[in-house]
């Protein structure tokens with residue numbers, strides 16, 4: 001009888017812990033999104049006021065109409081430029097700067113913020129060339145063809161190529177939806193490719209880099225590039241029937257953000273890459289983007305007990321966090 005009672009009590013305790021954990025995750029999610037929403041709304045309203053009251057006319061609307069008329073409303077050309085060319089330029093422009101630092105070790109303003117000290121210092125140029133080749137192949141042979149069915153989905157919605165731009169406020173709503181959808185799809189597809197059956201055939205390629213660099217963000221097996229890199233980012237705009245300008249901004253933001261997560265440098269005033277860098281170091285922690293689903297599923301427990309977790313914040317000064325929050329010295333054997 002005592003064993004049954006203890007078992008029942010244990011079950012209830014575990015259930016209570018799960019409920020508390022779920023509630024805590026929901027509170028964190030609500031806090032993050034509400035804070036971000038308020039800050040971004042204030043910024044957007046300020047920018048909108050500035051554009052309408054300080055500059056002559058609606059700057060962005062006028063610029064868009066000039067662009068639209070220049071291509072005579074050719075929807076496929078406009079879609080290709082917005083969904084492929086602009087994000088690609090953002091990705092390679094940002095990673096070009098990082099690769100100079102990776103190969104030359106300069107400028108010191110970047111390299112002094114290295115997360116995994118002593119690694120990729122300098123980067124193996126042979127491995128780097130392989131990563132660049134794979135990234136280009138994924139972009140041209142996989143991402144680009146996937147834009148064809150997406151183009152027809154967007155045409156079906158009928159709003160994507162409108163001559164009237166969406167408001168900043170609506171883009172804010174879209175951005176929130178895109179982020180949630182990407183988090184859910186990326187987390188579960190990422191955990192899927194970590195299954196032992198799939199890992200050795202698919203995801204192991206990406207984890208050849210235990211200390212990642214920016215371009216490695218799309219260094220992946222073709223199957224993984226479809227499931228985890230491309231579909232989570234494309235799905236939100238297809239569900240929302242977004243304008244091509246929103247799609248272009250979102251794709252560019254997603255590519256630059258994932259490059260920051262993989263770059264290997266915790267740079268001032270940029271989002272912290274400690275979370276995903278730790279994933280590459282330990283493999284079975286930190287699967288998501290925001291970290292909410294990791295908290296809910298308990299896949300960040302080890303991470304939360306490390307110095308990397310203490311450093312997982314936006315650096316607002318110029319002193320590297322590896323100096324202000326150093327790793328604990330190893331005990332002598």
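Each residue's number is its place along the chain shown, starting with 1.
Glycine is no exception: its Cβ is also placed from the backbone N, Cα and C atoms.
In TrEMBL, annotation is done automatically, which means it is predicted and not curated.
TrEMBL lists 177-299 with the feature domain 'Fatty acid hydroxylase'.
The feature transmembrane segment is assigned by TrEMBL to 28-51 (among others).
Long-range contacts of the transmembrane segment (76-101) within the same chain: residues 67-68, 107, 110-111, 123, 128, 139, 143-144, 147, 150-151, 154, 160-161, 213-215, 218, 244-245, 247-248, 251-252, 254-256, 259, 263, 265, each at least 6 residues beyond the stretch ends and with a Cβ under 8 Å from a Cβ of the stretch. For 76-101 (among others), the entry in TrEMBL reads transmembrane segment.
Taken from TrEMBL, the feature transmembrane segment covers 128-148 (among others).
According to TrEMBL, the feature transmembrane segment maps to 168-188 (among others).
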I'd like the per-state residue tally for the domain 'Fatty acid hydroxylase' (177-299) from DSSP, helix first, then strand, then coil.
85 helix, 1 strand, 37 coil
Could you tell me the mean pLDDT the prediction assigns to the domain 'Fatty acid hydroxylase' (177-299)?
96
